[in-house]
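Structure, as structure tokens:
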Amino acid sequence: MQRSPLEKASVLSKLFFSWTRPILIKGYRQRLELSDIYQVPSTDSADHLSEKLEREWDRELASKKNPKLINALRRCFFWRFAFYGILLYLGEVTKAVQPLLLGRIIASYDPDNKQERSIAIYLAIGLCLLFIMRPLLLHPAIFGLHHIGMQIRIAMFSLIYKKTLKLSSRVLDKISIGQLVSLLSNNLNKFDEGLALAHFVWIAPLQVTLLMGLLWDLLQASAFCGLAFLIVLALVQAGLGRMIMKYRDQRAGKINERLVITSEVIENIQSVKAYCWEEAMEKIIENIRQTELKLTRKAAHVRYFNSSAFFFSGFFVVSLSVLPYALIKTIILRKIFTTISFCIVLRMAVTRQFPWAVQTWYDSLGAINKIQDFLQKQEYKTLEYNLTTTEVMMENVTAFWEEGFGELLEKAKENSNDRKISNGDNSLFFSNFSLLGTPVLKDINFKIERGQLLAVAGSTGAGKTSLLMMIMGELEPSEGKIKHSGRISFCSQFSWIMPGTIKENIIFGVSYDEYRYRSVIKACQLEEDISKFAEKDNIVLGEGGVTLSGGQRARISLARAVYKDADLYLLDSPFGYLDVLTEKEIFESCVCKLMANKTRILVTSKMEHLKKADKVLILHEGSCYFYGTFSELQSLRPDFSSKLMGYDSFDQFSPERRNSIITETLRRFSLEGDAAVPWNETKKQSFKQTGEFGEKRKNSILNPINSIRKFSIVQKTPLPMNGIEGESEVPVERRLSLFPDCEQGEAILPRSNMINTGPTLRRQRRQSVLNLMTRSSVNQGQSIHRRTTASTRKMSLAPQANLTEMDIYSRRLSQDSGLEISEEINEEDLKECFFDDVESIPPVTTWNTYLRYITVHKNLIFVLIWCLVIFLAEVAVSLVVLWILRNLSSQDKGNSTQSVNSSYAVIFTSTSAYYIFYIYVGVADTLLALGLFRGLPLVHTLITVSKILHHKMLHSVLQAPMSTLNTLKAGGILNRFSKDIAILDDLLPLTIFDFIQLLLIVIGAVAVVSVLQPYIFLATVPVIAAFIILRAYFLHTSQQLKQLESEGRSPIFTHLLTSLKGLWTLRAFGRQPYFETLFHKALNLHTANWFLYLSTLRWFQMRMEIIFVIFFIAVTFISILTTGEGEGTVGIILTLAMNIMGTLQWAVNSSIEVDSLMRSVSRVFKFIDMPTEESKPPTKSFKPSKDAQLSKVTITENRHVREDDIWPSGGQMTVKDLTAKYIDGGNAILENISFSISPGQRVGLLGRTGSGKSTLLSALLRLVNTEGEIQIDGVSWDSIPLQEWRRAFGVIPQKVFIFSGTFRKNLDPYGQWNDQEIWKVADEVGLRSVIEQFPGKLDFVLVDGGYVLSHGHKQLMCLARSVLRKAKILLLDEPSAHLDPITYQIIRRTLKQAFADCTVILSEHRIEAMLECQRFLVIEDSRLRQFESIQRLLSERSAFRQAIGPPERPGLLPHRLSSRQRSPSRIAALKEETEDEVQDTRL
């Protein structure tokens, strides 16, 4: 970045914003890059501003019992805010005084007032000086207020981010992602956008008082008639605003409903294509869109009337002010024209400035209160550690994730005193009222010495991760003691990758030691993976590691934990995503050898790990089931495998444990009852859900499902929501900001769960921050990286003692025992970390885009032509009236000497000039009112255009090949359907209408002035030309700066979400300061772009003002020097010239806004033009069968099969020379794969993580770019339509897809099967008992990815889909990942029964599942290495043989035979359900 010219700019350069000229020239000539942007001034840096506000906020916290954030802001920014307010007031005063001088100039042409004629030239000079002074006062004031608003936002951003890193996990569990992002985006944007209007809350009343005093002098009491009309108009507009809000709130639910399903489809587009659900998903989304558009049109019509009311209100204001006075007294032209000018200023103050200012203060104070509540929330407390201790010990430790009853009761008592819930937690008491819950850990005791390995095991939800969280201090124990040194390293269950290189992710700020680093790389089996990258370990990883496989991410996370020199290593299931061989090697070389001298706590479920552990701790339902050595475990607890693997029979469950996921669902939502109902007098259970109830995660480490808290009590009436916990104006439906860079109000969307007709749990589902931290899926992110510079700070750590020379942790690069942690980031490299790829859209919207947009709907062209015809009629009538006016004015001038009272003084004389002028005003405004009929069809048609574009874009995305979609980010696609469609629906129609209307007004005004005084036309032409040239010059740079600003906003929120995902890791490594620095750098990058955009915008506005001032000076002196005694002519010219200024500037600004909004249209067109998948039309050889099943095709003419056979009939598959690529022109993931599978054969896929097993399954479905040939039952994939080919397969993907809709829709989106068939299949796969527990059963609506279902239930849903389709070939991609044992056994049983005659291709890490396969396909280095039977693989050197230890090999085949006998006993309990109790399959 370059140094800013502002630092050396002169006073005049700052006043006229001339210092921005270099960037404007560069932006006009070429595309701007980040390196072209000027550096942020030190006074605007995030470090400086955050430190300034943080210091005042700490002072406020220390000095007062009830601290106020607004007091801290006042001490930081008040005096500058007040100074710019005074400048703004002076600028507005000049505007109010201008009509006085105008009236004096008009009066100087009165024949009875020749005395004034001599000073007309001086009055004109004074009027011109006022026009010159106004921009010199106004623009610096507006820029200064925008600048202060920007500084407040930056300081608040930083304060919120720092607070977020300090929040306790308990608080994070209560805050949703949407609330946090909304707090940063929508709330804080109010300071940026609204601070310039804040002063009008006092300026507008003073201005109205001044104007009414001046009008009283002209019209006496009748002036208040116009004011009364304006007040009534303001109230009417407020009422229309309420109607708009009502329609918007109704529509917001539908928008969110559409976006939820669209988001689910985009994130799972590969599954959608694999299931051939493109048409079904398109129909579901379009049905919701239809309802949404009905509400959109209603809201647009009301907004249209609201906008039009302002335009034609001027006539009524002037009429109501002048007519009462004229009925009593005579009125002269000077008073009419002065009144018109006064009323224009008065109308703006009453109907625009004051209401906007009030709304600004309301929104700003609300945002400040929310942020204040957030800043006072409970922080994460580090435990007190003894750095000299060498042991890890727990004594009688009990812990709850939820707050206890005592805390809640005390909080309720405190809050009831002032009838106010502090910290925004007003729903906290009721949402947790009965949720005392089961302790997540209770009476835990263990002790391990230095260098020992403790293996922690237990079924799902037993409390294993909570145990680690308690050691780290994330979970505060309610009882007992914890003892350890505090020097901890942590590896999360769900791998977290920060944007950067592999090397940076592993070192993570610790001083670099080559020997240690290489040892860790080798021990974590990363050498081979790194060697495949051209950049080796300097390869850039995207946010979340999206370019890596799950196993690679897991190994990098483990390497990060191992590299750090700590006393205690907490490893939370680090091998979950690894294949058997890799897991075994890493456990031996890393955990057992490399870390042999370190204290380790490993969460695992593998028997081999337990055997090699020094101590074993088995948890069951939060309690210590066993603690001791493995040999003691075998002798004392022979049934330990049931606790470890979750094989408890139903009858052995405790009463609490018997409650299934459905009972937990009941707990989550509500029992209908009054808030005052005693705990033992709850009413009948109901699934009716209230919005104020605490929203829980679907899949959190806290796992409330396994905490088993059965009941809840909530109020019937919605509780008010304040603070970050909810929006006060929407008590039932939480407002959620999905897209932080969306500037529209509709971006804050209340959640609606009514996706389809049928029962649903009507609760505002949110994803808590804690859930984000514990999600296993990797979100799409930016695939660029960040490097650090050499500037570092030291963090002293206690040195290790008694280590051997071979111990990697004894080595130090530096002389002391400190760790070097980098705090500096280069801004250029930061762009590589987070920035999206720059969109290839021209700086200015092309004419081709406008033409294409206009021709989308044929009616739009006719509407525009009709608007033009009406405008020509307006101009014609106006010109006729003006000619009459001029002729009658000349007649009156001749008769004026014979009249007792001059015709200029009597308003009702039919031949008077001002009466004709009054007729003209009436006719012109009447025609303007006809704009209602002109503009309404335009707005209506533009919304229809938006509907068509949305439909085309949705169809294009669903039909696009995966090779194209793989190059796009899910967030970018979703932005097209959210932000850009919102712009097309809401902003673009009314903005286009405003621009057209303003343009016509300007053209009409210029025509009137030119007819009255042709000389003025000579001044008008160059002024309009100058405006057009200036607009084009500014537009090139401003649009690029706006694009850079938008791109710069993304890293801020990306970094926030990245930090939250890895918050536990950050705290464990003490990396908060570094990430705060990184966040400040991201803020500074955005600030640099935004500040430059504000400055160039002021430059443009100032130049427009200068051009107008020159124009007005020319008009004024031409009128005075060339006009005779035409008082009416001078009044019309000067009045219209003053109006031209504001209207023309408004029109130019509207044209710039239209151009900016049309960029959304360009992006939509770009998506519409995406290529489609190669889907050959059905040939005469293939016809859909009369059977309703889409997975079957009747073969009528094919040499491979007999006539009238159903395809596929056997499932025989032949693959020849298959090569697969994810992206056109990319590297081949698979090369020359050839094999043949017999009908009904089961084939297992073997290979290291990332070897291409999932890619092979995708290639079979033609989801990736493929070369070669595949045949099924003799039919080649080249001779069959793509959709029919995919319907031949049944798929259970690695990433389960459950969209928002009913059970029936999720199982059968096309509605092909009746209920009886669906229930039969549900019974086969073990889903009947689950579905029957929900109200509405098959019509129960699942939302948010089916969060009320366990992962196992979701897998069973996928299995049921394949059974319904009667697929002959089944593809399974790691179906047992994260499955509880019982669901796993159900899937195995179903595969044996329902798919006994089907061909099965299985990618799996569990050895037991692979033993069901007859043959194995081994993939290595993108090629097929082996395709053999299990006996052959065990008899030779292979990866499969290496993964199985010699002692276990003899038992493999007998185990395969006996597994069929044991399975029924483990799943027998599935059918022992009663009406009140259902087995919990999430063990």
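Any Cβ shown, glycine's included, is placed from N, Cα and C.
Here is what Swiss-Prot records for this protein:
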type     : residues                                                                               : note
TOPO_DOM : 1-77                                                                                   : topological domain 'Cytoplasmic'
TOPO_DOM : 99-122                                                                                 : topological domain 'Extracellular'
TOPO_DOM : 147-195                                                                                : topological domain 'Cytoplasmic'
TOPO_DOM : 217-222                                                                                : topological domain 'Extracellular'
TOPO_DOM : 244-298                                                                                : topological domain 'Cytoplasmic'
TOPO_DOM : 320-339                                                                                : topological domain 'Extracellular'
TOPO_DOM : 359-859                                                                                : topological domain 'Cytoplasmic'
BINDING  : Trp401, Ser434, Gly458, Ser459, Thr460, Gly461, Ala462, Gly463, Lys464, Thr465, Gln493 : ATP 1 binding site
TOPO_DOM : 881-919                                                                                : topological domain 'Extracellular'
TOPO_DOM : 941-991                                                                                : topological domain 'Cytoplasmic'
TOPO_DOM : 1036-1096                                                                              : topological domain 'Cytoplasmic'
TOPO_DOM : 1118-1131                                                                              : topological domain 'Extracellular'
TOPO_DOM : 1153-1483                                                                              : topological domain 'Cytoplasmic'
DOMAIN   : 1213-1446                                                                              : domain 'ABC transporter 2'
BINDING  : Tyr1222, Gly1247, Arg1248, Thr1249, Gly1250, Ser1251, Gly1252, Lys1253, Ser1254        : ATP 2 binding site
REGION   : 1444-1483                                                                              : region 'Disordered'
COMPBIAS : 1473-1483                                                                              : compositional bias 'Acidic residues'
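Sequence features, as recorded in Swiss-Prot, placed on the structure.
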residue: Lys464; record: ATP 1 binding site; Cβ contacts under 8 Å, 6 or more apart: Val456, Ala457, Gly458, Asp572, Ser573, Val603, Leu619
residue: Tyr1222; record: ATP 2 binding site; Cβ contacts under 8 Å, 6 or more apart: Met962, Ser963, Asn966, Ile1229, Thr1255, Val1264, Asn1265
residue: Gly1250; record: ATP 2 binding site; Cβ contacts under 8 Å, 6 or more apart: Asp529, Leu548, Ser549, Gly551, Gln552
residue: Gly1252; record: ATP 2 binding site; Cβ contacts under 8 Å, 6 or more apart: Ala1220, Ile1229, Leu1230, Ile1419, Ser1422
residue: Ser1254; record: ATP 2 binding site; Cβ contacts under 8 Å, 6 or more apart: Gln1294, Asp1373, Glu1374, Ser1403
Do you know the DSSP helix, strand and coil residue counts for the topological domain 'Extracellular' (320-339)?
16 helix, 0 strand, 4 coil
Beyond the flanks of the topological domain 'Extracellular' (217-222) by at least 6 residues, Cβ under 8 Å:
103, 321-325, 328, 335, 338-339, 342
Take the topological domain 'Extracellular' (217-222) and count its residues per DSSP category (helix H/G/I, strand E/B, coil), listing them in that order.
6 helix, 0 strand, 0 coil
What is the separation, in Å, between the Cα atoms of Arg1248 (ATP 2 binding site) and Gln493 (ATP 1 binding site)?
20
Specify the secondary structure state of Gly458 (ATP 1 binding site) as given by DSSP, simplified to three classes.
strand
Three-state secondary structure, Lys464 (ATP 1 binding site) (per DSSP):
helix
May I ask you to report the DSSP-based helix, strand or coil state of Gly1252 (ATP 2 binding site)?
coil
Across all the protein chains here, work out how many other Cβ atoms are within 10 Å of the Cβ of Arg1248 (ATP 2 binding site).
21
Between all pairs in Tyr1222, Gly1247, Arg1248, Thr1249, Gly1250, Ser1251, Gly1252, Lys1253, Ser1254 (listed as ATP 2 binders), what's the biggest Cα distance, rounded to the nearest Å?
19
